[in-house]
Structure formats: structure tokens, C-alpha cells
Amino acid sequence: MANNANAGLRITTNERDFIEAAIKEDHRIDGRTPFDYRKLHIKFLREDGSVEVQLGQTRVLAVVKGEITQPYPDRGNEGSLAIYTEFSPMGDPAFELGRPSEMAVELGRIIDRGLRESRAVDTESLCILSGRSVWAIRVDIHILDNYGNLVDAANLAALAALLSYRRPECTVGGEDGQQVIVHPPEVREPVGLIIHHIPIAVTFAFFGDGNFQVLDPSLKEEEVMGGRITITINSQGEICAVQKGGGVGVSASELMRCIRIASSKAQSITETLKKAVEVHEIERAQRKIRRHRNLPTEIEAEVEMEEAPEVPEAPMASEPTEPEQAMDTERDINDERMSDATQLESNEIKNADAQVKKSSRAAGEKDIFAGGESAWGDDAKLTPLKGAPGTRSSFFPLDSDALVEFDVAAKAVLRGGVSSQRMSSKVVSAPLQRQISGQIAAAAVYANQSSAHIAEEARSLGPIFPRVADMDSTEGIVSVEGTEAELGVLGNSTLETELVNQSEDKPLNFLSSGKKKAKKRKSGGVRQN
Amino acid sequence: MEDGEVAPAGVGPSGVSPFVSKVLAPGDVVLDLNSANKVLRVGSGLRQDGDSILATKVGRLRFQKQSNKYWVEGSQKRYIPNVEDTVVGIMVDRRSEMFILDIGGPAFGSLPILAFEGATRRNIPNLQVGAAVYARVVNAHRDSDPELSCTDASGKSAGFGPLKGGYIFECSTGLARGLLNKPTPPVLEVLGKSLSFEIAVGLNGRVWVNAPKVTTTITVSNAIQNSEFLSPAQQHIMVKKLLEEL
């Protein structure tokens, strides 16, 4: 009597009768029509090959991992694909830990047949060294929430995970040509699996004497149904697997009808899946840009300021983790890459940079970079960026120069109030300007600036550059020609005297030489370049 | 909220706890019995600890003047039986002297076979496993199984007993309680204006709906489930939309 184990769904005869009566009238308890799928949502997680699929309230997580192993003796030049399922009680109180239940085994088998036996995933391309090393791909399917029709959701999750999985590239080398070298992702781009076709599992439930079918049964419908059938079919109409596990019999004509419906549903689901994968690919490409390390953190930039920027806190502390390295890199970059993005900086920045750094640097960091006057002079010619528009065809992926440039723009934005539209310097060619403004706009959104027009522009560029958001506005960013307020904080008297004539609202030019500007300022105005 | 300290001596003008309608957490002292000089009824979610009354659940403190009763109202998915709750139970077993019902709590409830109006030894109600029953909790001590009854205190059936036909859906205890509020919740009001149906609300988070037409039942159950976190205006709009699709 004290048995309180809620083992599974308890359903009343009232509900049973009602659900059957409703289906006989083509009504379902959640308001769907008999051949309606629930809302499908595919979410790609951070790591390549992890996907969470939501079908109505059913949630399934699939994770793909690859490992290099020895092949099976009788299939020496093929890799392997294995499907594992996890039915933890988290998904449903009826699931028990330990031995997989019959349903769990059946689910694993259906997905396995659909993917492996139909040759959807190419296993021969997984071979590295025939007979010795092959890739073993493993798909782990976790049921997070069981609200009916786990098969379809799990199959989709496995597919999406396989489509988004990237394995490290490996080559065969060494003296004897028998050594397998696995290249880390930073060195060589990981490659995806070869997938020939996309088999979609479509499940039907039968009621009454088998003459009433519904698609995508929910939890209560599964409790009440008389039988079920799963048809795995791809968008070309090729049937990859059919599974009917017991239950009420179904006539041949009804079966053909189900297959026809499954075929059309498979096409629309394949479209949805492909679109989701595409969006994910774009996001991933954008994210890859930020994988560089050791970017200079101290590069200053003169940018136009719309309003008073955020007052940066005390000294220009570089990134706390690697201050010296950053300084070194910056120096290197300043020395070596003069034809690159750093040319965008004015000379005075470097001058004032040194001065400010001298004066406001925290003890212990002083004068690591003893800049001094620039050797470039006032009329440093600016050559276009390596890879500037015209020399490369697409905006993405950006190369390392553009990355530096982006960094510059991002920091400028983080200081606040950067307008991506106010770049009026004639020195910058228009396409380059657009590019830079685009990047600034992108940086703005990533740095969560609240400027409305920036956000709008940047929204079209898409998401996620995590490092920019990590960047602190206090990281060593000093604008040489900032507003008085900003410089006041720095307490640099030399700078203040220089800029005392400059009004707060005058926009700063993005690329003008510092010295020139100093002259102009003394004469009471900033020349608009 | 204070940490197990005694409530302030000035409890309120009439000895009423100052925390009525405030949100409490387990362990909060509600009332100091020395200062409240009346006989109190301690309801669900509260317990007496020496001289003070402590909350044991998260929720809002409620007080009813007529019966001098305090209780804590919260919303959960899981049901904890309390005396005088009306619940919808599902028959799972039949013993010689009682029916065993699943009321969604930590333990099954027992319903004596004679706890029906007009039931005698010769005339035992014929409940099958899987039947839905509307019952009242008679006894719900923390350490024993709850006892149920299908009659009210005077022995009349008062709507209790087996439920025939209809459909049952689950919801949170908060929503179930909200459905039984005195000013009828907007969702039921709007539905009632255009559809004819009957519902039996179990405070254990189960609601039974019955209507002559299948579509009505489906609409009503979906509307109620959707209405949990909507404001009255939103509930109006949601119901109107559902009715249009009928």
C-alpha cells in the first residue's frame, strides 16, 4: 500500500476511451490533425557534433565522438559507426538505470539500421591505414525528456550530430609511411563525415483495429495505441528501414498509405534539417575567426567618437594574463607589419602611447614599451591592407590581418560610442572603410553596446565573437585624442595641454597622422580630413 | 525573513500574523503563539514548533477569518495530501475493505468501500482498475497513507464518486487551486460563455473535463493548460483564438 513508485504513466479508462473516440473523429488531444508533426526545434551546441532536438516536449541529445582504432579483421578498410542510447530516469520515471529496456534496444536498432546499414554514413572514407587504423565514430543518444515518439526525435538528433561533427584531419607519414599523424584543429581544419543521404524516421501509431493511424504520437497516445510502425525513408523516396513491433495488424493498403505520407514528411523534415545545419555552419565559420591567440592587446586606434566614451579606469593595464607577451607581440607587430593594419594607427598614438604609458602605468610594468617618436614621419603612406577588398573575394573567413584590424575596431567600440558611420577619412579607401565600419559594427554588437544604429547594422552580421565580449574596456585602451574627460582621468598633464583646445564634440579622424593633428589643434580646430 | 527567531511581539492589531499574503520560505516564523490570543487552525505548509508556527513550504501565507485558519499556498507539480482536499484519484487496486487510489502523492490513498453514499455490505460500488474517482481526503498524516472518502462530512455524495467518461489532464497544484477560486478565473468564464462542459478539479493537479462533443473537451483542456501563466487579458485573447478555430 505504501508503494509509491510512479512507474510510468498511469492512464484512466476515461482517457483511453476519450483518446480513441477523438481519433476516430480525426481529432487529437493536443489539437493536431492526425498527420501533423509537432513543432521541431534543432539546436546545435557549442561542440561540433552535439545537438539537442526538441519535438514538441520530447527532448533528445545526441553527441558524436570519433576515435582511432583498429578495424574489424574482416573489414580492414572501413571505419565503424556505433549507436548507443541512454535512457536515464531523468527522461521518464519509467526508465530504469541498468540494463537497457526492450524499448531502448529497439530504438537503438532502428537508428542503427537507418544510418549504418543504409550506408548513409560512408565508412570507407573513415579508413586511415588499411588494416591498421580506422576512425570509429560513436553516437551517444541521451533521452532528456520523453513526451512521446522518441524514435523520430532521436534519429533526427543523431543525423544532425553526424552532419555537424568534425573529426581532426590526419595524414599518413613518417619514415616508413606507416605513421598516422593527427593534426590538431588549430593547425588543420577538422573535416566532416561523408554522408550520402539523410534517412528520416517517421513513426505512426495505430488505433482501433488498425484502421486509424496518427503520425508522431504523444505520450498519452503511445500509452493508448494498439500498435506502431516506424518507416525510415530519405527525401529521394528510398526506404531505408521499416520497423513494426507487434501490436494490432495493419492492412497492406494502409501500410502503403503510411509510406506515402512518410515520404512527403521526410522531404519537409530534410529541408528543415538542412536549413538548420546551414545556419549552424555559418555561425561556426564566424566563430572560427576568433581562434587566434596572442593578439596584441595594446594597439590603440584613433577613431571617431560620437560622445564621451566610458571613462576607462586607471592605467592601461594590458590583459592581466599575459601583459608582457602582449607587449612583445605588439612591438613585433609594430615593427614587422607596418604595411598592415597597424598602419591605421596614427603616429601620434605611438608617441602619446609611450608617454601615457610612462606616466600612468602601474608600477612594475613601466616602460616595457618605450616607444618614442615614430620613425615614419607625418606622411606615412598607407598601403591597402593585405587582403583588402579587391584582393579577396569574400568577407569571411578573415585572415590574420583583418583580425588585427578587427581587434582595433573592437577596442574602439568598447571604449564606447563609436559610430561606424562616421569614418570620413579620405585616406581610407571607401571599400576598406566599409569593411572596417562593418567590423566596428560587428564589434559593437558583440560588446553589447547599446547604440541603436550600430546594433541594427551589426545584427545582420550574425553572432558570437566571445573574446570581444571578454575584453574589458579598461584593458590598456587609451585614446590619445579622447575627450577631456577621459584624459582627465588619466591624469596626464602633457596630453591635456595638447588637447585643451579640442572641443569635446568634434569627431576624431580615424587615420590621420598625429603630428599634423597636433599642429592643427593649436590653431584651434581639427582639420576634417 | 528572520532565521528561526520568534516573530515580533507586536504581531498585528488583532493578533493576526503580519505575513499574510507574503511569500514565505521553509523555516520562516509566521506567528508567535503567545501574542496571538485565539485558537488557531494550522493548515497545510505550516507546523507548530513550541511557541511559534513555522512555514514548511514555499508559498504565500493565507488567512481565513471565519475559521481562523492559516495555511501556505504554493504551486508544485507533485502533490502532498492535506485534509479536506478534493482530489481526482485513479483506481489501482482493490483490497477486501478498501480501494487503493493513486492520487499523485508520495503514497497511494485508501478509499474504504463503504465510504460512498448509500453503500452497504450488499451494495458495493463497482470500481474497476483504471477508473477515475473524485474523492475527499479525510486523513493525511505525514507518516501514514492518506485516507479518502467519497462522501462529505454528513454522508451525502455531494458530487464525489466515480467519474464517467470525459478526459483528464495534469497540471500544477497552483493552477488547480486557481481554478477553484471564488471569482471564476477568466479562462473558465470565457469558455463557459460559448461552450457547455463540466469539470472536476482535483487539488492534486488533475482536472477532469467532460462535454458532449469531443472538440469541446479538447478545446477546454488545452485552454486551461495554456492559461496558467497568462494575465486575465491574455487569457481572454487566448480563449477567443481557440474558440475561433473550433
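Glycine is no exception: its Cβ is also placed from the backbone N, Cα and C atoms.
Now, the feature entries from TrEMBL:
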- A:37-168: domain 'Exoribonuclease phosphorolytic' (DOMAIN)
- A:197-264: domain 'Exoribonuclease phosphorolytic' (DOMAIN)
- A:298-328: region 'Disordered' (REGION)
- A:299-310: compositional bias 'Acidic residues' (COMPBIAS)
- A:311-320: compositional bias 'Low complexity' (COMPBIAS)
- A:343-364: region 'Disordered' (REGION)
- A:506-529: region 'Disordered' (REGION)
- A:514-529: compositional bias 'Basic residues' (COMPBIAS)
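For the domain 'Exoribonuclease phosphorolytic' (A:37-168), the model gives a mean pLDDT of 92.
As a summary of secondary structure, the domain 'Exoribonuclease phosphorolytic' (A:197-264) carries 19 helix, 28 strand, 21 coil according to DSSP. Helix, strand and coil content of the domain 'Exoribonuclease phosphorolytic' (A:37-168), in residues and according to DSSP, is 34 helix, 49 strand, 49 coil.
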